[in-house]
Amino acid sequence: MDFLFLFLFYLASVLIGVVLICICSKTHCLKGLVGRGTQVFSYIIPECLQRAMLKLLHYLFHTRNHTFIILHLILQGMIYTEYTWEILGYCQELEFSLYYLLLPYLLLIVNLIFFTLSCVTNPGTITKANELLLLQVYEFDEVMFPKNMKCSTCDLRKPARSKHCSVCNRCVHRFDHHCVWVNNCIGAWNTRYFLLYLLTLTTSAATMAVVSTVFLVQLVVVSDFYLETYVDDLGHFQVVDTVFLIQYLFLTFPRIVFLLGFVMVLTFLLGGYLCFALYLAATNQTTNEWYKGDRAWYQHCPYMAQPPSAEPQVYQNIHSHGLWSNLREIFLPAAHYERKKK
């Protein structure tokens, strides 16, 4: 039973890593590599299985569904159940501070609030009623966002920094990306909630990693196990070293060590994505603008086919007006729109 539980833990971590990479790495080079890999697998996997996999992938990533929301809540439930069942009781016996131990639960409550807001908040859907106002909010750069462009699906004029989301079938103002984890687009009105959701999720994973690490270190220190000796395979007495200590902890507390490994992997994955998202916020860019605007890098990619006469499209970020102004635009969007009205 323990093995099955631990296997599911690491399977979930791999799934999270794959999904984050698929969402955040939308470069043409990566698409070329994935395309070549797909061609190789097409010769190995039966055609009927390929069709079933394509249908499943289309459902998961190209239609609005609650699969990843349910998976998100299940994973959080599993992690916090393990934390409560395995670590909380031991830490109380070692007289850890109660405030220190309850911090992950406080972060969980805050995280679920911003997670819910990211899911249910209108990201900035463009309609006939707000079309004229949104056309005045951002300046057209005539490179990525030319003036007088029209969405063929919505039959609406496209404001600068907007994009039609094929998953939600709507145009979204200041479109960043469509996030399967919240089953919603991230746009002008819910980017702040998504950033805070990502921040609290990363912090809660890091806090659990710290508590688990401190518990294991404290356990070794209190028991004086690091001062012990053991007999090696040759019959010689050896002082306990780091490798032997890790093996001992793994055999004695396997679920805690696996939990620690899982939350550490999660912390690094989420932390990397959080840094990227904060960089975009500080420079007033969206994910959509970031990967579309980096034309010079694409031209050096061997998998990006371009005609010899193609001229590079130079994109400059004209929307950044300093750190505090950029952050104010994201976290106080209503004030930014009111200034544009005047």
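Cβ coordinates come from backbone N, Cα and C, glycine included.
TrEMBL entries are annotated by machine, without manual review.
Look at TrEMBL and you will find 6-24 (among others) tagged as transmembrane segment.
Among the features that TrEMBL reports, transmembrane segment is placed at 99-120 (among others).
Feature annotation from TrEMBL assigns domain 'Palmitoyltransferase DHHC' to 148-292. Note on the domain 'Palmitoyltransferase DHHC' (148-292): its mean pLDDT in the predicted model is 88.
According to TrEMBL, the transmembrane segment annotation covers 194-222 (among others). Within its own chain, the transmembrane segment (194-222) has Cβ neighbours under 8 Å at 79, 83, 87, 90-91, 94, 96, 100-101, 103-104, 107-108, 110-111, 114-115, 117-118, 176, 179, 182, 186, 245, 249, 253, 256-257, 259-260, 263-264, 266-267, 270-271, 273-274, 277-278, 281, 330, counting only residues six or more beyond its boundaries.
The transmembrane segment feature in TrEMBL is assigned to 258-282 (among others).
Residues of the same chain lying 6 or more positions beyond the ends of the transmembrane segment (99-120) and with a Cβ under 8 Å from any Cβ of it are 69, 72, 76, 80, 83, 88, 91-92, 179, 182-184, 186, 190, 193-194, 196-197, 200-201, 203-204, 207-208, 211. Look at the domain 'Palmitoyltransferase DHHC' (148-292): DSSP puts its residues at 82 helix, 22 strand, 41 coil.
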